[in-house]
Amino acid sequence: MTTVTAPEKVTTNRPKRKRLSPLAVVIPAAAVILALTYALPPFRNYQLATVGAYLCVTAGLTVLTGLNGQLSLGHGALMATGAYTLALMQNRFNVLALGILAAVAVTTVVGGVIGLAAARLRGPYLAGLTLAVATVVPSIASTFDTTFNSDQGLTVALEPPPDAITVEQWQAWLCWAGALVTVLVIAYLVRGRFGRDMRAVRDDETAAKLAGIGVARTQVLAFVLSAACAGLAGALFAVLAQSVSPGAFPLTLSLFLVMAVVIGGLGRLSGALIGAVLLVALPEIAHSIAEDAGSQRLEGNLALTFFGVVLVAVMLAAPGGLASLRLKRNKQKGRT
Amino acid sequence: MDRFLYLTFDGLSRGAVYAAFALALVLIWRAARIVNFAQGAMAVATAYAGYSVTNATGSYWLGFIVAIVGGLVLGALVERVVMRFVDHSSPLNGVVVALGLVLIIQGVLGMIYGNEFRPAEAPFSRDAFQLGDVALLSRYDLFVFAAVGTVVVLLTLLFTRTSTGLRMRAAAFAPDVSRLLGVPVSGMLTLGWALAAAVGSLAGMLVVPTELGLHPNAMDLLFISAFTAAVVGGLDSPVGAVVGGLIVGLLLTYVSGYLGATVAPMAVLILLVVVLLGRPDGLFSRAKARTA
């Protein structure tokens, strides 16, 4: 994947800029978010929570696609796995921590199975297979309708939050706790040996193999990692919506996720954040335009078109994504 | 046994449509080494155009022709305006851009026509002929076989018997040498996209009356099935695409008929996984020379 060559490679003959430790970014971010949740009205808090939930999955996906070169169109289905697991656990035990852990665990296993297949596939084949995975969600929900209650889906039993805070505020805390932990784990993993292995496999499998890197092992691990993130995101979405149904995880969601990480900038956590914000902001903008125009048909479809146009434009003009634009400018400044 | 016969014919008719669609994927793969993930959306767009004309004029055939010609134009447009400028150093880029096109096409269609299913009429009766008391083929099935058969024959003739076909193959096989020998390589690429999109439009027009109707997302499952068909046959092999299409059509119909329609997408997924893991180059791939 030449379009996403890691920027640090270019800078070998210049003094290395000291990289911020992930903790130094995450702790202030947590403080800012905490303050925001007190300042924002409930609906904005809900949107903030949604951004956090999206960030979990985009962070995992950007590592998988950007750093390891595997394109998955099936992460919507993995999110559905997490969401359904959480719903089933909540309705039986009603312990949220347990439900979320179970959701992550089950999605990790499912991701492992898909990842084992994925490690043998390349490019369009992998995309096609994961696309097929994304389309079977409604089919599975309808076939095993005694468990999943087909198209109606399940409601999620939840304990109400403590009286001192609103539901939306509590949701924002929960989602951002998940998102920041995800980002932290991924940031540390990517900085270390695992990240180097992933990039090596992406750039040249033969060379990576010669250097003693287990190619298949790295690919499966990358898939499992991103699947676990998707499972967490799915569980958080189930908590946010307090219900799960196949309609919440359509094929378009999987495509949107890919769009988000590509537009934001593949392989960068900052890109994943941009993508997560876009996933919430673009439909919102489209919604308000549609409302002004008073047209129901615009609703939803305008967001689709937006995403498509932005995506194609970004791929043609700046294949490195929005995060790379800023970086390129910095680089040019550095040279002059 | 009666039911089995009926399902077999129904499956072959469905398979013929998948074959045409898979053929469209194979055409683009051979010409440009891109799996066109926008094929389904492009086919929906032309089907909408076709049925709009049919509704306005009352003539199915006028709409049919508009859809096919629309496919030619749309395919050429997509290649000239978008795909040409994609950085092909990574196979992911083409896929991602195609997905962007899917979103654009579905969004625009939804804005123009709305997101409800629109009924689409078949040009021929879909009631099956009876042989004794066994239901076999319908007139519409015969029309499907004839249409797909014609396309397969025409494409075979084009690629094996005409100089244009030879140029197209040369341009795909060795672009640089072909250019030196005076083949307009980029024109051939555009022609390949146009032809493939037209074949995809034909498949779209054929499948719409047999499903719920026109919808911006109507071809999602068709695309998966056709992709599976193309992979079963090997993405490089037109013959494989046709055979793969028939296999997938039969499998889907048997599974829907005996186990229920909701199981069908899972059957496609399982077939895809089995083929990709067992014989990733398809059933019809030739053994490659050893590389290591």
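Even glycines carry a Cβ here, placed using N, Cα and C.
Note: TrEMBL annotation is automatic and uncurated.
Quick look at what TrEMBL annotates:
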- A:20-40: transmembrane segment (TRANSMEM)
- A:46-64: transmembrane segment (TRANSMEM)
- A:95-118: transmembrane segment (TRANSMEM)
- A:170-190: transmembrane segment (TRANSMEM)
- A:220-241: transmembrane segment (TRANSMEM)
- A:247-266: transmembrane segment (TRANSMEM)
- A:273-290: transmembrane segment (TRANSMEM)
- A:302-325: transmembrane segment (TRANSMEM)
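By the Cβ criterion (under 8 Å, sequence separation of 6 or more), the transmembrane segment (A:247-266) is not in contact with the transmembrane segment (A:170-190), since fewer than 3 such pairs are found. Counting same-chain residues at least six beyond the ends of the transmembrane segment (A:220-241), those with a Cβ under 8 angstroms from any Cβ of the stretch are 46, 49-50, 52-54, 56-57, 59-61, 63-64, 67-68, 70, 72, 75, 78-87, 90, 96, 99-100, 103-108, 110-112, 114-116, 118-119, 156, 158, 171, 174-175, 178, 182, 186, 189, 194, 198, 248-249. Below 8 angstroms of C-beta separation, residues 33, 36-37, 40, 70, 72, 75, 79, 168, 171-172, 174-176, 178-179, 182-183, 186, 190, 198, 222-223, 225-230, 232-234, 236-237, 240, 257-258, 260-261, 264-269, 271-273, 275-277, 279-280, 284 of the same chain, each at least six residues beyond the ends of the transmembrane segment (A:46-64), sit close to that stretch.
A Cβ distance under 8 Å defines the sequence-distant neighbours of the transmembrane segment (A:95-118), meaning residues of its chain 6+ beyond its ends; these are 70, 72, 74, 78, 81-83, 85-86, 89, 126, 129-130, 133, 158-159, 178, 219-224, 226-228, 230-232, 234-236, 238-239.
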